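Q: Please see the structure below; I have some questions.
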């Protein structure tokens, strides 16, 4: 990765624009002089070396300028910045900078003096205005200021004055109440942040065995009246659990008494901790009986200890010993049978009647067992090292010296980091024992070597342009948390139990075992309880505080010799990382940026490895089946069932409140998607690597290397250049820099994907899945999966192949023509005939992809087209094509799937026909139909003399309107649609560009008008959904609903809230738009509801299709509304797909939605706390929900016979 870094920066170009200065004499060689001398004796020309020096100085000056702005910034007193040592610029320019700073200082002092004088003069007037607002009427003003104007003389004036004063009093009262509410919310937010920090502190103390420290901090805050409000029942229970595990009964009782003293009532967890402690220390029977009696008086029966709590095995055993000692006849209740999902839509899936053909994996039991242990080793290691596919550099003397220098530096840094970490822990430990909840226990969660390893990894991947401190801190905090959670599972013997359970689970999946057919989740649950107690995730402020502390250690400890950066000057160390400020949009952002010399060192060394976190890489064995919110996917690494922005808690809360059986459908669908085994298409990968290592090819989606980035014509201007020329050069340099950074980003993404593909070549792997808040599914590994680009999809094949059968080859050919995009309006029979016509081109593409006629390169999806050409070539050349084993996934796409759902909801006959819900001989193309109708509107307007309509003659095409038609169903506005059309028009070289703005305005109106006529029910449903969401959010609630498969959904769009993490390098301000304590963001709530609701329907349709395909023995995966399976199984998948769409829309979806919204937002319990204005909104909401959109006469059963519904 380091070889891709781009070290030029537009912010420090001043040095580049100056005339070249004299050459400096070389410095004496120091400890690392070998590398410096090799740089001096490189093959680069003097001109190139001079340019590099100029760029280096520009980078250093950028750092200096940022530090000056940072330290001298006005209006940002919260930004406290520690002194960071920087390498000074050349001496020849120091006086100029000193003069500039001195001048700025004088100007600032003068301005500050003027401001102070103005403030002093206006103070009295300010308070007068604040207390008594001026009314610009002399007569009325007199009544408001009686001390200046006297008192009113007649009764009419007195009444008027009293009325005005009363009105102002009410206004002031309302303002005061609003201010009080705002302050109360701010205090609540601060207390919540503190509570999250304290709870994480206590849990870390218990995990690291430092219960006395937790006890000490708890007592310190309990005895302080102001601080006691921060303590919660969960915190007291956590400390009690720590003492229980140590068997320290006296200390536990002390905490129990503190809990009572704080006015809290003990819960089931409190009594469980006490009884565990008694079970561990063999407490006398009377004490245990008294505890049980008190517990039952509080309403908790002993059976609940074993049914309502998820306990570690050792804790459960100690608890049982204590209860049995007091009540010898007690027996824990047996495990309750798994509840059964009773959803109408899922009745066939969970029915025990009828034949089932659940597919098994193609691998035997021994192989799967071996793969499990390989994956377990990977997850215990927490990271994966992968060989980079970047072209290896020539091992010149310069490269060898750079690698030696880098290795020597890293050895020094590890020692220094270890020292600084120990010093920090000692300091924080002393503060913690003074009663402060510091980060000390967090720094004890992992070994010191693990912390150093995490920090050293940061230095390898930090980009040359730097990384925002908030982002770096968050990533560091998450890494520590994830490694801690894995380590906890090792400590509690969870790993050994998992190995035993997984061996039994593989009996269901292996190809050489015989087990009664069963869903993976059902089989896993039948093996007995394994689930460990859910780990409480740390809050974002806690993650940031820990990550920021680690980042500060890195800045403080990691230094390098100055000789690596400059040829002259004192032989001393300089920082490798600099903390600077930059502007991102309108916000000032703190950034950790590597020194340019360090970046150059990394680039020169060009190390051949990349390192990924475990969860960033596909799994080497089948994922764990999803059985709950906390159990599924990776073996040890924690994975969220519902992915969301960090800090979002409302989704988790709703899911936890769900009856377990309600989520069985989504859980089983995610498990089925994750159980699909994959392999890499090795032949295609070789071709891609050949192009990647050459110079890339953007038309084929292979990004070129940095060396292909555009360069400015010149780097410097001759002396005496005008300001205009300087400005032009600056713009040119900035443009080149922008393009180069974009290329770097794309190149890095391709590098990760191809390196992982090469790493997994000749291996079978799996992609565990989870879902977003709408129910849409996604693979967990981010860099290499089937949801990526054309190139990413082409590199993947099913690991299990299946014979083509009698019609499989035909479907391969049809799939090939679909990928080219050449015959979209033709029937399947015509596409098949066309494939036979171009068979020579297909075979030439397969045999000579880079040297032949390259027909495949003209396709819409070139790499997938090439992969299909190769598969077709192998099949037609095999002795028996029907017996050919095919691994290629064949796709079936929905026809504008969002509009299909809208048309089905509204039973819209015209709309249904446009999106292939009705049978037809040829596929209907809604985009072409809209373009045709818009052209008719244009012709009519042109006849009437409208200039823009006349200019657009010959330019209205399917491509111009497609994106707007596609996204209008997902809530695109006229403004957004205009921008989309404008972009398409600018791509037309022969379109008069002066008419682009006017033409895009005209076309977006016509597109919306066309859709209004074609999809009448669609617009009515969209309006109904939008209006409902508008009323709900104005009344103060976020919009909620439940999908047909039972997933509870809540839109996490709220007004922004801010939390500050102070101290250290800088204060970090965390801005969140998902804080449910804030009011809903009305605009996002109402605009988001229609598209999110439709997304929840398309995810329900996909999950139903996946489960029924699994029941029939098919391998099925999806990319949202694009369904994949083997060529031979396409007819079966299409049949299932249509059936489940009809079954889904046969449900009263809108009626059920209206009932849910009424119950949730219009019930007496919901509105009793609302204001009168908000109750009026609820009344209007009830009226809106009662008036459902009218539906048409479309017969939904026609979908069953529609060949092109998905095609």
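Backbone N, Cα and C define each Cβ position, glycine as well.
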Q: With Swiss-Prot as the source, which of 702-724, 725-747, 748-770 is set down as region 'Disordered'?
A: 702-724
Q: Of the residue ranges 60-81, 82-103, which one carries the region 'Disordered' annotation in Swiss-Prot?
A: 82-103
Q: Looking at 1-48, 145-192, which one is region 'Disordered' according to Swiss-Prot?
A: 1-48
Q: What residues elsewhere in the chain lie close to the repeat 'PPR 1' (232-266), defined as a C-beta under 8 angstroms and at least 6 residues from its ends?
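A: Same-chain contacts beyond the ends: 195, 198-199, 202-203, 205-206, 211, 214-215, 218-219, 222, 273-274, 276-278, 280-281, 283, 298, 315, 318.
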Q: So what's near the repeat 'PPR 2' (267-302) in sequence-distant terms, Cβ-Cβ under 8 Å and 6+ beyond its ends?
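A: For the repeat 'PPR 2' (267-302), the sequence-distant neighbours (Cβ-Cβ under 8 Å, at least 6 residues beyond its ends) are 233, 236-237, 240-241, 243-245, 247-249, 252-253, 256, 259, 308-309, 311, 315, 317-323, 325-327, 330.
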Q: Rounded to an integer, what is the Cα-Cα distance in Å between residue 962 (active site) and residue 893 (active site)?
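A: Approximately 16 Å lies between the Cα of residue 962 (active site) and that of residue 893 (active site).
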Q: Give the sequence-ordered list of residues that share a chain with residue 893 (active site), lie 6 or more positions from it, and have CB atoms under 8 Å from its CB.
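A: Expected: 818, 1121, 1122, 1206, 1207.
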Q: What number of additional C-beta atoms lies within 10 angstroms of the C-beta atom of residue 1121 (active site)?
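A: If we count other Cβ atoms within 10 Å of residue 1121 (active site), we arrive at 21.
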